[in-house]
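Step one of this worksheet: look at the structure below.
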């Protein structure tokens, strides 16, 4: 364990630090991991740097009010988050089945946090300390700050500020706003008077004094009229910029949810300061007996080089959380962290990742953003690269080269998503070549998501021909460097716009790939994304065009089965789908057929016979030659959800 002290979690810790009353208490749905990949750790350490005392209540028993009283009543208030992932996404699959594991909990076991954790925790805190201010933040609060469609309820819910009775919501990355809010509280301002901090959302009864704002359709309108919902989302989508974004107001009965414009992005110096704070860089020792916290394994020897993403994938809500503007750390800051890792006793020579939401977006998309902000009606890389886009991997490549030269570093991997279209726009192949030569371990994971151009257009992804060109170039480079490395594509079924015809088109593409992909995921309608708005309304809010939505559970199962057509258990669904789509030409023994005429006999196999677990039956399928790909790529669905680019 680290020599750095963890933040206090008990009265005994308070005594050791001679603290009578904490300034703030963070209540979180994750186990306590003091690592900069965890929001609780960052906010706690930032407040500590500002001279505040901070305690942590991690995963309290929501059925026991005493758990919320264990550190006493804080001087300034409680800070509440659900953890690194929305609690509903953490608990349920895309088909609404309960998950049985939780990589952010002791021993990887589920059951340590409630559904809708932010709401539950806030209600319990109000019960324990009626007049104590509550500030909510993190992904769950950020993406639910307005009235929003909730997939699990299949209805439009109010702003989480209304349901939680919290006093203030900090959205996005919270370092700047939490410092401003905490200092205002220290200076004596009441929580209900803090209304002018950027990056915050609050509830107001009277907006007559508010200036320069846009009022979006009310909760009552968006919960009963899908066109109004799409209109509200479009305005929200366009105004999430710190330079040109306006204050947004949404009425909820007799009150108003008010979102101040976003905070300016952190400067490089500010980013360096945040990641240089004294983190223990591991989980609290209280979890050791339970097997630790599995989530630390992915991040312990990974380096966050930047935040933000201008890829604007429709199914990703990052625009609403980290924003489109890249905020990067200096090379010196990153190299210091890499050197520090090599001195950790369990470092084996491998740095698992140097990246961010999209690894090869290391700098701002263009110079225009610095003065005017992000473009309101245009995207940086979709449908094609903007003429102002700066396409350059030189700085990122120089950083990777420097890390490779650090003593005791054997290998530096890139596991964050690589945006392959941006890679293809670069006329200089130097980065692409060194990526293949030094930074992948036998396979590169990329996210084409689909190959039907009509679906890709709705996803905000590049066209199929861009991906095909990338695939060819990838294998050409591997041939030149005498390596036989694979590509592992992330694929998605049932996204808005995907009908059976599109799913079959994707299945035919998979057939030509020669193996059955493991990285397949049903579209998951999570709060805050453009695709979720399409899913709920049947409308593309940016174009106002109608969109086909595969909501029927049988069809969704068919679409997923088509993506793994060679698995024995999927035979009946695939056959039914092909017949329904009048594609009987794909049933038979021909080279282009997906399945044979008759369902093959399923042989019994021993449970430990890993070679035959999937029961692949297609003689024309080359999957078995590449079975090592799928075996190496079995990851939990939460990590898949996070890393799709």
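Residue numbers in this text run from 1 along the chain shown.
Just so you know, glycine gets a Cβ as well, placed from its N, Cα and C.
Positions annotated as domain 'Radical SAM core' by Swiss-Prot, on the basis of sequence analysis: 295-566.
The [4Fe-4S] cluster binding site annotation in Swiss-Prot covers 309, 313, 316 and is backed by sequence analysis. DSSP assigns residue 313 ([4Fe-4S] cluster binding site) to coil, not to a helix or a strand.
Annotated region 'Disordered' per Swiss-Prot: 598-645, in sequence order.
The compositional bias 'Basic residues' annotation in Swiss-Prot covers 600-609 (among others).
Annotation source Swiss-Prot lists compositional bias 'Low complexity' at 610-624.
The compositional bias 'Basic residues' feature in Swiss-Prot is assigned to 632-645 (among others).
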Residue 316 ([4Fe-4S] cluster binding site) CB neighbourhood, other CB atoms within 10 A: 24
Cβ atoms near residue 313 ([4Fe-4S] cluster binding site) (within 10 Å, other residues, all chains): 24
Segment-level pLDDT (mean, integer) for the domain 'Radical SAM core' (295-566): 96
Neighbour tally for residue 309 ([4Fe-4S] cluster binding site), based on other Cβ positions within 10 Å of its Cβ: 25
